[in-house]
Number of protein chains: 2
Amino acid sequence: MKSVQAFAPATVANVSCGFDILGFAIEGMGDRVTLREKETPGLVVSSIQGDGGKLPKDPIKNTCSVAIQALLDELGQNVGMEICLEKGLPLGSGMGSSAASAVAALVAANHLLGNPFEKKDLLPFAMAAEKAACGAGHADNVGPSLLGGFVLIRDYHPLDVIKLHVPKDLYCTLLHPHFELNTADSRSVLRDSIPLKHATIQSGNVAGLVAGLYEEDFDLISRSLRDVIAEPYRAVLIPGFYEVREAIKGAGALGMGISGSGPTLFCLSKGKEKAAKIAEAAKEVYQSIGLGVDVYFSAINTAGGYVLEG
Amino acid sequence: MKSVQAFAPATVANVSCGFDILGFAIEGMGDRVTLREKETPGLVVSSIQGDGGKLPKDPIKNTCSVAIQALLDELGQNVGMEICLEKGLPLGSGMGSSAASAVAALVAANHLLGNPFEKKDLLPFAMAAEKAACGAGHADNVGPSLLGGFVLIRDYHPLDVIKLHVPKDLYCTLLHPHFELNTADSRSVLRDSIPLKHATIQSGNVAGLVAGLYEEDFDLISRSLRDVIAEPYRAVLIPGFYEVREAIKGAGALGMGISGSGPTLFCLSKGKEKAAKIAEAAKEVYQSIGLGVDVYFSAINTAGGYVLEG
């Protein structure tokens, strides 16, 4: 029987001024899914590693099987598959953990079936899995995890996903404090309506960020990395936010923001050296406030999910 | 005594999803200013043509002299100049009429004085003139009239103006109905606060428009030319808005929006032929509703204000 292993990267959604419309993928960190064809139809989640026993194996609830089932339903096929998930990402951290699992599962399944879909066309299936996992079929994690790079979700009706240009030297440092933040809490602090003035500021910054990516203008990227919509309300829920922001500026970061709905923070920088310095500077701050943290830095992943073996 | 003549182009501010942050310049249409050095210090507006006698010659109120005075104050000079203004743009039409006068005056004055300022650094003086003319020192008309092309006003504090890439084949059709729309009325219909959902849609579209300009992706530009913030409230003030929009779609327009605060409408298209077809289609609609209209089409002006003679 055939077997395929695929990988999909961690992602940062929102990206400050890109609230609810932008996300990008991180090189190196991510989830692996191994699929084995089986003779009897139906999906079975046979093993999950690295989740501390927290994720469901029930195929109706598991992100991987929900995603693959959506794909099989579209094809009208009922192929039997055994799913092994290796979590490389912490759960509920704001690094697109469920998205990476769903994308890795879909990339593997599509390969196993002889690639009936273009990569981009796997997105709705991944969104169906996000809906099952998080209650909303957002694309700002699954989009970049699937396609790589910086991804703009221009619209959902119909879905319009655009891969933006990314300067080669752009690096990301991720700071994952050992602290749980409930996504619902993080969402509930947002206002349903906002001042028109704030909407205009946010628009100006997101336009500046996109232009900065295309122009490879790191100063412009830096000036544009501001969020007046979500960050002012969410930052107060994240211990050390303002102290870390001060410290990473001194280490040469272009800017910092909340990854997804937190508590992980992301910093962008020009070049690997600065990304490493930022990681060190942030670690010191977390140490000083007595909070454990995992730090990680890498280039922007531009490939998205891909097949490792099979 | 030295003499200089300069030209500055008409501009479209807002550009649908770019409400209050984007503007672009139009090739060919604009205002001319001729300056003549005079022996006695002080500014004199000696002639204004094409305004139907509506513009003030008082140097404290005239856009050209206010702009030049701001420049002279910055230099600490008191050079005497005689100002002749030839209006090529209708007043209060939403085509950046006051901006074109101020920019032409500044480009001429800077040349006459031996170019003490870089072109970009003339912007604050033009904004001072806009403040005198319109009550607010907006940069979304003076920015593109001075610099040419598509201009993003990312921020005002401090001023951050970015010239975006423009595809060569991008054309604009301007439709100026013979109808007066009070700018204050057009501003007063806007809401002070908006749903967060609308802010997100607007952000997605402006990010899509900027990416579309850089990618030279006309379909993406077309999909992104939507305004959920100002247009729904302003369109009802502009006779024929919805009928024209329907007609120009059939003629191959990428999209249509309100130029500035109206009543002029702008349509974008790929290539000159479509721009001409759009002009014809729109004319028919205005004729059918019994409203006079001036139509004009051209490429995007990428040079901005420049010296004609001197």
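Heads up, residue numbers simply count up from 1 along the chain you see.
Yeah, the Cβs are placed from backbone N, Cα and C, and that goes for glycine too.
Automatic prediction, not curation, is the source of TrEMBL annotations.
Small disclaimer: the values here were computed from a predicted structure and weren't measured.
According to TrEMBL, the ATP binding site annotation covers B:PRO90, B:LEU91, B:GLY92, B:SER93, B:GLY94, B:MET95, B:GLY96, B:SER97, B:SER98, B:ALA99, B:ALA100. Marked as domain 'GHMP kinase N-terminal' by TrEMBL: B:65-149. TrEMBL lists B:210-286 with the feature domain 'GHMP kinase C-terminal'.
Under DSSP, residues within the domain 'GHMP kinase N-terminal' (B:65-149) fall into helix, strand and coil as 49 helix, 7 strand, 29 coil.
Local packing around the Cβ, expressed as the count of other Cβ atoms within 10 angstroms, is greatest for B:GLY96 among the binding-site residues B:PRO90, B:GLY92, B:GLY94, B:GLY96.
Of all Cβ atoms in the protein chains displayed, 26 besides its own lie within 10 Å of the Cβ of B:SER98 (ATP binding site). Over all protein chains present, the Cβ of B:ALA100 (ATP binding site) has 33 other Cβ atoms lying within 10 Å. Averaged over the domain 'GHMP kinase N-terminal' (B:65-149), the predicted model reaches a pLDDT of 96. Shown for the domain 'GHMP kinase C-terminal' (B:210-286): DSSP residue counts in helix, strand and coil, namely 45 helix, 10 strand, 22 coil. The ATP site is set by B:PRO90, B:LEU91, B:GLY92, B:SER93, B:GLY94, B:MET95, B:GLY96, B:SER97, B:SER98, B:ALA99, B:ALA100; from the centre of their CB atoms, other residues of the chain with a CB within 8 Å are B:ALA10, B:LEU89, B:ASN141, B:GLY260.
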